[in-house]
């Protein structure tokens, strides 16, 4: 592991009770600062499971995960949460914006959870929303935004804590082709301009091909494309 390594997993395995076959079987991956990594695979191949393990949202059956040089297994749940919130951002296929809050408030929530003042959190959220092209939608509720705008707000929420790496699970899965390309353009621009590493799980081979490194998850293992 180099000083620039943000995420690393070694011989990662995951099995579930009642299943004879490992969902993940001996996966090793290193994510360095500023990298772009795409992971493709069929539905049920374990792509989301791998992303959850990398993000410390689930525990492996065997193997290890390190974030910023720290083994997740050696940390308490509270310590894992603190490290996760400091180093990682998450974007999902479903935006998970809270319908009762404005776009601005939704993006500010991670900062408020970290006990920043409301004014400071809203100020930072406004800056990030402007970066993703939603400066004119600050006071709109999620239901008043288009699908692409909601996903841009979700990207802004992932970025508001200044993460070193964004883990994106099918971030364009519910979008039409044109809107999906726009969201992907946004992620790549943020990677280029801010040096945020990207690990993107997607079923879209055309979008995956735009990333620096591409892997296919098949039979529990990662294969370089």
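Cβ coordinates are placed from backbone N, Cα and C, and glycine is handled just like the others.
The shown structure was predicted, so the numbers you read here are calculated from the model rather than taken from an experiment.
Over in Swiss-Prot, the protein carries these features:
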- 41, 42, 43, 44, 45, 46, 47, 48: ATP binding site (BINDING)
- 7-225: domain 'ABC transporter' (DOMAIN)
Binding-site residues compared (43, 48) - highest count of Cβ atoms within 10 Å: 48
Under 8 Å by Cβ from residue 41 (ATP binding site), counting only residues of that chain that are 6 or more apart: 47, 203, 216, 217, 218
Where residue 47 (ATP binding site) sits in the secondary structure, as DSSP reduces it to three classes: helix
PLDDT averaged over the residues of the domain 'ABC transporter' (7-225): 89
List of residues, in chain order, with Cβ under 8 A from that of residue 42 (ATP binding site) and at least 6 apart: 218
Greatest C-beta neighbour count within 10 angstroms, which of the binding-site residues 44, 46: 46
Residues that sit under 8 angstroms from residue 45 (ATP binding site) by C-beta distance, when 6+ apart in the chain: 217, 218
Residues within 8 Å of the 41, 42, 43, 44, 45, 46, 47, 48 Cβ centre (excluding the ATP site residues themselves): 49, 217
